[in-house]
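Chemist: Okay, handing you the structure first.
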Amino acid sequence: MTDKRKDGSGKLLYCSFCGKSQHEVRKLIAGPSVYICDECVDLCNDIIREEIKEVAPHRERSALPTPHEIRNHLDDYVIGQEQAKKVLAVAVYNHYKRLRNGDTSNGVELGKSNILLIGPTGSGKTLLAETLARLLDVPFTMADATTLTEAGYVGEDVENIIQKLLQKCDYDVQKAQRGIVYIDEIDKISRKSDNPSITRDVSGEGVQQALLKLIEGTVAAVPPQGGRKHPQQEFLQVDTSKILFICGGAFAGLDKVISHRVETGSGIGFGATVKAKSDKASEGELLAQVEPEDLIKFGLIPEFIGRLPVVATLNELSEEALIQILKEPKNALTKQYQALFNLEGVDLEFRDEALDAIAKKAMARKTGARGLRSIVEAALLDTMYDLPSMEDVEKVVIDESVIDGQSKPLLIYGKPEAQQASGE
């Protein structure tokens with residue numbers, strides 16, 4: 001088809017659908033003996049979009065995975081954290097079952113169950129949320145609680161979270177209302193003391209107050225296509241009661257709050273139960289005993305805790321778990337780098353002692369699984385820089401000495417006459 005204003009005879013052209021002349025429209029597109037204007041094209045697109053929206057819910061109705069299926073999918077990508085995966089699987093299943101069947105069942109109103117994830121850095125909080133969204137094929141966005149402030153102050157407005165979610169689904173409100181929002185670093189917006197402050201705390205308690213309605217469920221007015229708000233503008237109305245909010249944080253020091261509560265009950269003075277150091281619970285064991293009162297002492301306001309009824313705790317990853325993370329998941333780090341090297345026609349081998357060394361380094365840095373990539377990247381940097389310019393390299397071998405920075409990777413060449421480089 002071509003864009004035409006007049007045919008060869010200079011005759012005035014009209015849209016074959018609405019009858020408007022070429023002077024009344026911006027574009028007139030010509031086909032074999034037929035014309036269509038830009039306005040009719042837009043109308044056709046709107047009709048098709050509406051048809052797709054009507055068909056989509058029927059596909060979704062039969063596609064809700066069971067908690068067992070959700071857990072099995074998480075197992076493919078996330079190592080360990082068995083209890084957290086079970087809690088998440090049930091909470092997510094119940095949330096989308098509620099959406100699918102409406103907010104009421106036999107006259108009983110079904111409440112919304114948002115989720116709070118508590119666990120150290122690099123334990124898999126973000127990965128769990130991302131994997132869930134990918135499995136359910138729903139829009140997903142992340143927000144950093146440390147950048148949020150109350151409306152009217154310098155910083156990011158809490159409603160910007162919904163705007164980001166809309167951007168992920170091309171401003172399709174219906175899709176956005178089925179999405180998942182992950183708010184990271186939620187522990188960083190705790191108030192500075194147990195008692196309500198008489199001064200304004202715009203990035204702590206103030207943000208918690210601002211998030212309350214959004215998380216519980218409200219109709220948020222969001223400017224279309226990310227424009228700034230002004231009075232004459234039409235807003236997109238997004239019902240957040242259908243959006244699943246997952247909040248996560250490391251909550252450093254929460255274990256001490258729990259420990260104090262637990263040990264206070266063991267008595268004082270001559271009647272106290274004396275515990276040896278070896279009898280004391282680990283950080284993970286203490287976090288598993290978290291109660292709302294502990295979170296209040298930490299600095300979250302009671303109303304905010306009430307909006308996050310499902311709590312899942314994640315343990316710090318052990319050295320063995322980090323080694324598993326390096327090689328077992330479907331998108332394991334070693335598999336990713338092997339795929340990159342395969343694109344150059346080269347095999348990449350990680351020896352077992354190299355994986356041990358990577359895990360030890362990550363443990364020493366206290367960065368959890370998040371620190372694994374930077375360690376591997378540093379070890380392979382020079383090789384990835386030189387490899388595209390080299391010929392006849394068949395294989396690259398990484399051992400413990402490479403990870404420790406004592407030698408370069410071993411390069412194995414395909415031709416016998418080629419010189420081998422051991423990096424010694």
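Note that Cβ sites are derived from N, Cα and C of the backbone, with glycine treated the same way.
What Swiss-Prot records for 2-56 is domain 'ClpX-type ZB'. Among the features that Swiss-Prot reports, Zn(2+) binding site is placed at Cys15, Cys18, Cys37, Cys40, with the record citing experimental evidence. The ATP binding site annotation in Swiss-Prot covers Pro120, Thr121, Gly122, Ser123, Gly124, Lys125, Thr126, Leu127, and the record cites experimental evidence as its basis.
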Chemist: At the Cα level, what's the spacing in Å between Thr126 (ATP binding site) and Cys37 (Zn(2+) binding site), rounded?
Modeler: 47
Chemist: Which of the three DSSP-derived classes (helix, strand, coil) applies to Thr126 (ATP binding site)?
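Modeler: DSSP call for Thr126 (ATP binding site): helix.
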Chemist: Within 8 Å of the Cβ centroid of the ATP site residues Pro120, Thr121, Gly122, Ser123, Gly124, Lys125, Thr126, Leu127, which other residues of the same chain have their Cβ?
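Modeler: Going along the sequence, the neighbours appear as Gly119, Gly248, Leu314, Gly368, Ala369, Arg370.
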Chemist: Distance check, please: Cα of Thr121 (ATP binding site) against Cα of Cys40 (Zn(2+) binding site), rounded to an integer number of angstrom.
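Modeler: Between the alpha carbons of Thr121 (ATP binding site) and Cys40 (Zn(2+) binding site) there are 53 Å.
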Chemist: For the binding-site residues Pro120, Gly122, Gly124, which one has its C-beta crowded by the most other C-beta atoms within 10 angstroms?
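Modeler: Answer by Cβ density within 10 Å: Gly124.
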Chemist: Counting other CB atoms within 10 A of each CB, which of the binding-site residues Ser123, Thr126 comes out lowest?
Modeler: Thr126
Chemist: Let me spell it out: for each of the binding-site residues (Cys15, Cys18, Cys37), count the other Cβ atoms within 10 Å of that residue's Cβ, using every protein chain shown. Which one has the most?
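Modeler: Within the set of binding-site residues, the most crowded position is Cys37.
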Chemist: So, in DSSP terms, is Cys37 (Zn(2+) binding site) helix, strand, or coil?
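Modeler: DSSP call for Cys37 (Zn(2+) binding site): strand.
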Chemist: What's the CA to CA span in angstrom from Lys125 (ATP binding site) over to Cys18 (Zn(2+) binding site)?
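Modeler: Given the Cα positions, Lys125 (ATP binding site) is 54 Å from Cys18 (Zn(2+) binding site).
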Chemist: What's the CA to CA span in angstrom from Cys15 (Zn(2+) binding site) over to Leu127 (ATP binding site)?
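Modeler: Pair distance, Cα basis, whole Å: 52 Å.
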Chemist: Using all protein chains in view, find how many other C-beta atoms are within 10 Å of the C-beta of Cys40 (Zn(2+) binding site).
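Modeler: If we count other Cβ atoms within 10 Å of Cys40 (Zn(2+) binding site), we arrive at 18.
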